[in-house]
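Undergrad: What Swiss-Prot shows for this protein is this:
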- Glu13: Mg(2+) 1 binding site (BINDING)
- Ser31, Ser32, Ile33, Lys51, Thr52, Gln89, Tyr121, Lys279, Asn316: ATP binding site (BINDING)
- Lys56: N6-(pyridoxal phosphate)lysine (MOD_RES)
- Lys56: active site, proton acceptor (ACT_SITE)
- Ser84: active site, proton acceptor (ACT_SITE)
- Asn86, Asn154, Gly185, Gly186, Gly187, Gly188, Met189, Ser313: pyridoxal 5'-phosphate binding site (BINDING)
- Cys113: S-nitrosocysteine (MOD_RES)
- Asp178: Mg(2+) 2 binding site (BINDING)
- Glu210, Ala214, Asp216: Mn(2+) binding site (BINDING)
- Glu210, Ala214, Asp216: Ca(2+) 3 binding site (BINDING)
- Glu210, Ala214, Asp216: Mg(2+) 3 binding site (BINDING)
- Asn247: Mg(2+) 4 binding site (BINDING)
- Asn247: Ca(2+) 4 binding site (BINDING)
Amino acid sequence: MCDQYCISFADVEKAHINIRDFIHLTPVLTSSILNQITGRNLFFKCELFQKTGSFKIRGALNAIRGLISAHPEEKPRAVVAHSSGNHGQALSFAARLEGIPAYVIVPETAPNCKKLAIQAYGASIVYSEQSEESRENITKRIAEETEGIMVHPNQEPAVIAGQGTIAMEVLNQVPLVDALVVPVGGGGMLAGIAVTVKALRPSVKVYAAEPLNADDCYQSKLKGELTPNPYPPETIADGIKSSIGLNTWPIIRDLVDDVFTVTEDEIKYATQLVWERMKLLIEPTAGVGVAVVLSQHFRTVPAEVKNICIVLSGGNVDLTSLTWVKKQDEKAAP
């Protein structure tokens, strides 16, 4: 594997050892109804049941435990990160486990339930504008003021390696899997999974799932160069508004087989379908992968790619904001 990547599979193996006693082995569930709709065998990796309600605890915990093992004589004074919510919760939880103060820079538009959860885990919240530039500038300032260490939500190698442990579990839980479908924002989970899958089972496909309104990963693959979103995207999938970055892009460029995009209505329909048929309260970000498999475009994937695992990335839903559910009921399915 290319030595220019920020992580190798060995890093994922180390992460697995580092975090396995502190996280859940999340289940893989199936749905005969969704199998019937898609004509494929679908498997759902339920990271909504993970500690803090999303996969993000894997990377955050691996990063913080790595910092401590690297400097056992003195813990970091603080850890600092920017997050739309899930990484912030995960970092807060992991920092509290290790007795380290955490500061999370959150856009004011982040779901209220995620902001409250960050505070409940003991972190201090600092608000930013929605743009990447605003979040990163404030994160740097807070890190300087607190003498803290920044833990990037998707470009930090230890975070990427931690997210890759999802694929180690899936390959054991679904031995005959033909493909994984993974939501992508900054690309930490996608990159970690791609490194792991291509190291252990190169024939297994890795597909990225992305909102059409935040399609920087698709555009980057199409153009063959890193192409960030030109402006803050508007999508219900709030967990994947970030663009892929310098560390995740080379892995995605080389190891991800294809990128599929879906509309906002497709995301809403898929999310509600999982709620109603599988009784799983996923957040819309997790619904993006389901929407992809339900989409017309996905029918171009060869029929022999039969056994597909969709990573349900999280379940931190702001129930007070679901005004779109009634509106969606009034529409025909896309």
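Numbers run from 1 along the shown chain.
Keep in mind that glycine also has a Cβ here, set from the backbone N, Cα and C atoms.
Give me the lay of the land around each of these features.
TA: All protein chains shown were included, and the count of other CB atoms within 10 Å of the CB of Glu13 (Mg(2+) 1 binding site) stands at 16.
Counting only same-chain residues at least 6 apart in sequence, those with a Cβ under 8 Å from the Cβ of Asn316 (ATP binding site) are Gly53, Ser54, Gly85, Asn86, Gln89, Pro111, Cys113, Lys114, Ala117, Glu283.
The Cβ of Lys56 (N6-(pyridoxal phosphate)lysine) has Asn86, His87, Gln89, Ala90, Leu91, Pro153, Gln163, Gly314 as same-chain neighbours under 8 Å, each 6 or more residues away in sequence. In three-state terms derived from DSSP, Lys56 (N6-(pyridoxal phosphate)lysine) belongs to a helical segment.
Take the CB of Ser84 (active site, proton acceptor) and look out to 10 A: across all protein chains shown you find 25 other CB atoms.
In sequence order, His87, Ile160, Gly185, Gly186, Gly187, Gly188, Met189, Ser242, Ile244, Gly245, Thr248 constitute the residues six or more apart from Asn154 (pyridoxal 5'-phosphate binding site) in its chain with CB-CB distances below 8 Å.
According to its DSSP assignment, Cys113 (S-nitrosocysteine) is helical.
Within 10 Å of the C-beta atom of Asp178 (Mg(2+) 2 binding site) sit 19 other C-beta atoms, taking all shown protein chains into account.
Taking a C-beta cut-off of under 8 angstroms and a sequence separation of 6 or more, Glu210 (Mn(2+) binding site) has the following same-chain neighbours: Pro183, Val184, Asp216, Cys217, Tyr218, Ile240, Val259, Phe260, Thr261, Val262, Val288. According to DSSP, Glu210 (Mn(2+) binding site) is assigned to a strand segment.
Annotation for Ala214 (Mn(2+) binding site): spatial neighbours Gly185, Asn229, Pro233, Thr235, Ala237, Ile240, Lys241, Ser243, criterion Cβ-Cβ under 8 Å with sequence separation of six or more.
Around Asn247 (Mg(2+) 4 binding site), the same-chain residues six or more apart in sequence whose CB sits under 8 Å from its CB are Cys6, Gln155, Glu156, Pro157, Ile160, Ala191, listed in sequence order. In the three-state DSSP reading, Asn247 (Mg(2+) 4 binding site) counts as coil.
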Undergrad: Which residue among the recorded positions Ile33, Cys113, Met189 has the fewest other Cβ atoms within 10 Å of its Cβ, if you could check?
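TA: Minimum Cβ neighbour count within 10 Å, taken over the recorded positions Ile33, Cys113, Met189, occurs at Ile33.
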Undergrad: Roughly how many Å lie between the Cα atoms of Thr52 (ATP binding site) and Ser313 (pyridoxal 5'-phosphate binding site), rounded to a whole value?
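TA: That separation, Cα to Cα, works out to 11 Å.
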Undergrad: How far is it from Ser84 (active site, proton acceptor) to Asp178 (Mg(2+) 2 binding site), counting Cα to Cα, in Å?
TA: 31
Undergrad: Considering Cα atoms only, can you say which of Glu13, Asp178, Ser313 is the nearest neighbour of Tyr121 (ATP binding site) among these binding-site residues?
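TA: Checking each of Glu13, Asp178, Ser313 against Tyr121 (ATP binding site), the shortest Cα distance is to Ser313.
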Undergrad: Could you measure between Ile33 (ATP binding site) and Asp178 (Mg(2+) 2 binding site) for me? Cα positions, answer in whole angstrom.
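TA: For Ile33 (ATP binding site) versus Asp178 (Mg(2+) 2 binding site), the Cα atoms are 20 Å apart.
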